[in-house]
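What TrEMBL annotates here:
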- 58-131: domain 'Methyltransferase type 11' (DOMAIN)
- 204-279: domain '18S rRNA (guanine(1575)-N(7))-methyltransferase Bud23 C-terminal' (DOMAIN)
- 217-282: region 'Disordered' (REGION)
- 223-235: compositional bias 'Polar residues' (COMPBIAS)
- 236-247: compositional bias 'Basic residues' (COMPBIAS)
- 248-257: compositional bias 'Basic and acidic residues' (COMPBIAS)
- 264-273: compositional bias 'Basic and acidic residues' (COMPBIAS)
């Protein structure tokens, strides 16, 4: 994972970025609606709620209420929290069935202990890793959020966050603060070998430990590729290349060919000539 200067959280604070024009996209763009619904469905699946039993759920970063619509369709009751009033206005215009609350997740969740049977969040958690004000400390804001969320969940429930991490350090920061707040669990990665379909879900257990769900993508378990995020500050893959470009080395080419094989693509067999440099022609 690498940094992308065009990431929304690098553009402006969430309450500024999600203005009226941006909020309208979430009620008019069919592709955006479809993606939000799919991710909400997967998040609810990871919650592992009792079958056929209505639950009271929290939707953090609810936005225009697209994820809440899916919760309502599944027969659940929900409360949505979002920092953007423009997004919440769209949710009100759409007449969503959940209750809505304006709030900054970094300041904590203002609910009584044991209120909710579960929590979902779609594309919101990574915003807490940015310091939009001088007084903002990402580790402290993450811990405040997770600790107050932990207390507002009933024991034995889960919280599932779909997020777009910027790098491995950001993932480690998020999971560390979640564990400090008392949660168990970890990161579930769907389709880890796909660039477009790859999705990160932080699956947290409140008050009880359990087996972490497996990420989607059968080829990961078949070939022994872990679907859990591994944290490392070391760069050892190309340490012996002595200044050569990583994309021109044999290790990089062999890894790319193997990745394409895992994706089911047709790839030429490896030989002693693979990645061998050709002589210059005049």
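Using the three backbone atoms N, Cα and C, a Cβ is placed for every residue, glycine included.
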Requested in this report: Compute the average pLDDT of the predicted model within the domain '18S rRNA (guanine(1575)-N(7))-methyltransferase Bud23 C-terminal' (204-279).
Outcome: 64
Query - Secondary structure content of the domain 'Methyltransferase type 11' (58-131), with strand meaning DSSP E or B - result: 25 helix, 20 strand, 29 coil
